[in-house]
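Visitor: Structure provided below as structure tokens; questions to follow.
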Amino acid sequence: MNTELDMQNFEHIKFLENQISEDHFRWKKNSKHLYNLLITRTLTWPSLSIQWLSAMESITEKAVLKNRLLLGTHAAEGMPNFLQLADLDLPDFNQTILDPVKHYNEDTGELGGYSMQHSCKFQISQRILHNGDVNRVRHMPQNPNIIATMSSCGNAYIFDRTKYTSMPAEEFLPNISLIGHKKEGFGLSWNRQQNCRLVTAANDSKILEWDLNNFSRDTRCLTPVKDFHYDDSPVNDVEYHPHHTNLYIAVNDNGIAFICDNRLQQTCSKTVKASNPLFSVRHNPSIATLFALGSEQDLQLWDLRNLNKSVFNTSEDLSDNRLKVPSRLTLGGTSLSWSWRHSGRIVSACQEYCYVWNFNKANPLEFVHAGHKGTVNEVDFDPFEAQCIASVADDNELHIWKPNVIVN
């Protein structure tokens, strides 16, 4: 046992914890100047995943936008897990005059909504009992009532939320169980061009495609229509191309991103090799050839027309000191989300921080969100409100935030 090495590791961990506490204190002190909107809520259990629903209602007379969010739970051992639907009322920024933060609660340590006329309302409106942790949750683009999850038990599940009451039942009963993976996973993506089609990826190194049209009510189970296996490395993420029925990209622990076409006998048509394990992939919704890859060390942009060299890489741009950021920050991207309103803007999350990038600028780093005290599990851009972002972390917190100050 190397006592000296253990002590060095302990001191390094304590240093990082103190640094995070100092960063969070400064963030809380300055938050009133940094955001047009900031909502923080402490959840009962951490959520590993978050997604805005693609349906929103505008209440014009109240200047309110009624949104919904999908969340999960990562409960303690022996405690039940739930798929959760949350209602969120936000101010309509086109009708409301915004004011700096006035609603910080000293007792709870929570920040509320920041408009002059409205407080933002958040509540869990529906909970559905789930088998295992909700590793990932996504709704069908063509029908937001149909929800898919990836579970820590290895299976994927489909729920029609209209078939469940607001309070959870005592028995776990999904509408469909997707049977095929042998280990847990986090890769999950619906096909935006083909109704009822989705793809999953897991630690068993498999990528499976599913067609819900093949579902039989007699068994309530479904087997995959396609099975792809590249190597023995865990596949961490997968996403269909938003404008193409047959294309998707997946990434794995070996740092390989494989571009796949399910019409081909050899499904993988091209690959990109990174120097670190890859955890996230996202296609740009506006630029058909552009996609982003994220690892714990860097964020990379690639163009499908030229896979010989990345368009942008944070580790390379840091080496020439073009990005003016503290050296302790790791500009990786274990979770990524492109803006639906601005083609050059993406948010990445790594460790306790979220980074907003605008690649239409010479210095692309626009904003750093330092409000979380635990590792950020997932980030998601609001599809309706430009620059509004949701993030969830291991500190049990959900943050809804819209930056006010853009740092150049």
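The first residue you see is number 1, and the count goes up from there.
Every residue, even glycine, has its Cβ placed from backbone N, Cα and C.
Keep in mind that what you see is a predicted model, and the values were worked out from it rather than measured.
Reproduced below are the annotations present in Swiss-Prot:
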type   : residues : note
REPEAT : 129-169  : repeat 'WD 1'
REPEAT : 180-220  : repeat 'WD 2'
REPEAT : 230-269  : repeat 'WD 3'
REPEAT : 273-312  : repeat 'WD 4'
REPEAT : 330-369  : repeat 'WD 5'
REPEAT : 371-408  : repeat 'WD 6'
Visitor: What does DSSP give as the helix, strand and coil breakdown of the repeat 'WD 3' (230-269)?
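Guide: Within the repeat 'WD 3' (230-269) the tally stands at 0 helix, 20 strand, 20 coil.
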Visitor: Compare 129-169, 180-220, 230-269, 273-312 by their Cβ pairs under 8 Å to the repeat 'WD 5' (330-369) and return the stretch that comes out on top.
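Guide: Out of the listed stretches, 273-312 contacts the repeat 'WD 5' (330-369) most.
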Visitor: Mind checking which residues of the chain, 6+ beyond the ends of the repeat 'WD 2' (180-220), have their Cβ under 8 Å from one of its Cβ atoms?
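Guide: For the repeat 'WD 2' (180-220), the far contacts come to 48, 132, 135-142, 148-156, 158, 174, 226-240, 242-245, 248, 250, 252, 260, 262.
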Visitor: Could you give me three numbers for the repeat 'WD 1' (129-169), the DSSP helix, strand and coil residue counts?
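Guide: The breakdown for the repeat 'WD 1' (129-169) reads 3 helix, 23 strand, 15 coil.
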Visitor: Using DSSP, how many residues of the repeat 'WD 6' (371-408) fall into helix, strand and coil, respectively?
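Guide: DSSP classes over the repeat 'WD 6' (371-408) add up to 0 helix, 18 strand, 20 coil.
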